[in-house]
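Worksheet: one structure, shown below.
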Amino acid sequence: MDQYDGEEDYMPQEDDWDRDLLLDPAWEKQQRKTFTAWCNSHLRKAGTQIENIEEDFRDGLKLMLLLEVISGERLAKPERGKMRVHKISNVNKALDFIASKGVKLVSIGAEEIVDGNAKMTLGMIWTIILRFAIQDISVEETSAKEGLLLWCQRKTAPYKNVNIQNFHISWKDGLGFCALIHRHRPELIDYGKLRKDDPMTNLNTAFDVAEKYLDIPKMLDAEDIVGTARPDEKAIMTYVSSFYHAFSGAQKAETAANRICKVLAVNQENEQLMEDYEKLASDLLEWIRRTIPWLENRLPENTMQAMQQKLEDFRDYRRLHKPPKVQEKCQLEINFNTLQTKLRLSNRPAFMPSEGKMVSDINNAWGNLEGAEKGYEEWLLNEIRRLERLDHLAEKFRQKAAIHEAWTEGKEDMLQKRDYETASLSEIKALLKKHEAFESDLAAHQDRVEQIAAIAQELNELDYYDSPSVNARCQRICDQWDTLGALTQKRSEALQRTEKLLETIDQLYLEFAKRAAPFNNWMEGAMEDLQDTFIVHTIEEIQGLSTAHEQFKATLPEADKERQAILGIHNEIAKIVQTYHVNMAGTNPYTTINPQEINAKWDKVRQLVPQRDQALIEEHARQQNNERLRRQFANQANVIGPWIQNKMEEIGRISIEMHGTLEDQLTHLRQYEKSIVNYKPKIDQLEGDHQLIQEALIFDNKHTNYTMEHIRVGWEQLLTTIARTINEIENQILTRDAKGISQEQLNEFRASFNHFDRKRTGIMDAEDFKTCLISMGYNLGENEFSRIMSIVDPNRMGIVTFQAFIDFMSRETADTDTADQVMASFKVLAGDKNYILADELRRELPPDQADYCIARMAPYTGPDGVPGALDYMSFSTALYGESDL
């Protein structure tokens, strides 16, 4: 039994070491002193105290008074008699009050207290201390002992040589008590002068200061703590709790004072914000009033320099003067909003600025400022733009006029030359081309002359100061331009008249060249096409080539007419030269093609045409044969491919549906297998047709979507599927016969499997299998389902076949029956014994079965030391193995 049974609701159970030392005289002494001082610290509030803790509480009167003081509640009226029964009644009233506070007082009775039992009395007082001084201590969701310990650790953490880990040896050097006092009242202790190796001084200093300045009675003796290997934990906790309550009350008072100071500081801050707002608003409005007239001044300047200075002043205003005011305006609004928020949080009325200084008034004034600013900036830019335009136009006029005057220099003399009178036709052509180029150049300069005149007109309209000189120069340019135009026209007419004398012959040369070149190219292209080799794969392609060739042959008469026309031009040139005795040096300057070359190429084209006819006829015959092979293969493939697919689907339905017995399904499947094997000659025939296609180098077939590779793969899958399906039915028959499963059970298994085979693939995935098991009443956890999956899916593919499903279900169904059969067999063979001997097995079982069981019995020794005997478990293991039963 623990020292104080009432402690268990508030404190963990004492460990064994603590329980053994509960009656240590040093501990009892510490508890008496500490508990007595603690009780007196409360009883003195009622004007009394105790001297001997087990004697002064015997009548129950001071005990009831103590409870009233520490709880603040009134207890039942005490008995004033001196008899034992009266004392027991009073103590019981105190104990009942303690119990009403949720405290269980085990083995503490009123009789022990009245009889002066020191152990019980100290236990009761410790229970009261726990309930009223320690239980309500809470730090970071901990309570009681842990909360008080955490509070001590937090408060003493900054102090060196202090490490509070418990309520016994951590306090022996006294530094912990001193650190608690110094943390809250640093003026009471000079902590820097304390030494860890002087515990007596440290403890006495802490006890004296706590009693004198903190109203915490001296509950411990320094000599008892230093002289004890392990000071009493309860005494230390009681004393330390007094520090907690003393400092927590002071902290609450300090918090209240801080709150009052904070409210006063907030009020003062709010008043300062009001004053700052008024001053800032006044200054900002005054600055706006002074700035707007300056921005509204629109008096223009006569020079660009003066206007640029105005613009620079405006830029200084935007860069230097306005940004601080923008910041002030923003800060003003922030201060106003902050002030209103603080007043609202303080339950104070909202701040109302002086008339004309509201935020809206400032915003209106600011809007007027920005309006004036925008208009001023637009005016400045427009004025500067106008002056820049004038300077730019004047400079542009001078540049264009200078360029034009430089270009016209010497042009009049050039246009008045008569060099065309002695020129040949080629020289005339050159002179005419040169003159045409000059005319183009002259036309190009027309735009510049018009620009010069337009610039001069704009300068006049903008009142340019030097307009007279601009107008005079512009007039000289225009007069000279008219003269150049007249001279150009006159020279052009003279060159054209001279050109016509020699132009006829040259035109005929040119016409010959223009018509001979494309005709020559046509003949070269025709020869290339007629000799071009071709590779085709379809009838359509060869038909396309034949059609193109026929179209080409249809163009030959028209081409012959063009050839004769070209030769006629050449003959006309020869006639003109002979008639007019024109001195023509050399050959046609526009082409190297001559009539002899044209005739030779034309003869070659006519020779190649019949050769091309023969090649196209031969290729057409070959493509017709290829088309016949394609259709022959396609007709068979379009029948065989769907036949294979249908057979695959029929086999799937047979393996899934539940028509008839397993033997009926097996017979049906073997008939299918026979019909499939009989179909093999058609596959072989298709292979022969495919070989002919490959030998003919046919690579595509538009008449079918089936290739030989598709047919081969489908045929192999069909053979594999029928063989695998037959094997599955045979395995199901073996399973049914071995496990004794009825046809009705098999049908039920198939119905369950098909229901949860949602994809109709003949297999279930793991989730569908799990749902199936749950629907059949299995209570599955993750471990159980993993075990079952390891049985039905040993390869961990995540799927369950119907065969695996049947094996599992038949095994689950048969387990119970097998166990019952083994037990019945064992009882028959064993008789009234609890084991079976080898001789009995040989007598009762067939020789081969008896030898099998005896061989498996070898490792076992029967019960009661009988060798070569089996009990029930050994018997079942010998028959079925450890994994079956």
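The backbone N, Cα and C atoms fix where each Cβ goes, glycine too.
In TrEMBL, annotation is done automatically, which means it is predicted and not curated.
Residues or ranges marked as domain 'Calponin-homology (CH)' by TrEMBL: 29-133 (among others).
Taken from TrEMBL, the feature domain 'Calponin-homology (CH)' applies to 142-248 (among others).
Mean pLDDT across the coiled coil (263-290) comes to 82 in this model. Marked as coiled coil by TrEMBL: 263-290 (among others).
Residues annotated as coiled coil in TrEMBL: 428-462 (among others). Here the coiled coil (428-462) has long-range neighbours at 386, 389-390, 393-394, 396-397, 400-401, 403-404, 407, 419-420, 470-471, 474, 477-478, 481, 484-485, 488, 491-492, 495-496, 498-499, 502, 506, meaning same-chain residues at least 6 beyond its ends whose C-beta is under 8 angstroms from one of its own.
Across the domain 'EF-hand' (744-779), DSSP assigns 23 helix, 3 strand, 10 coil. According to TrEMBL, the feature domain 'EF-hand' maps to 744-779 (among others).
Summarising the annotation, TrEMBL assigns domain 'EF-hand' to 780-815 (among others).
Here the coiled coil (263-290) has Cβ contacts under 8 Å with residues 325, 328-329, 331-332, 335-336, 338-339, 342-343, 346, 348, 351, 353-354, 356-357, 361-362, 365-366, 368-369 of the same chain, all six or more residues outside its ends.
Across the domain 'EF-hand' (780-815), DSSP helix (H, G, I), strand (E, B) and coil residues number 25 helix, 3 strand, 8 coil.
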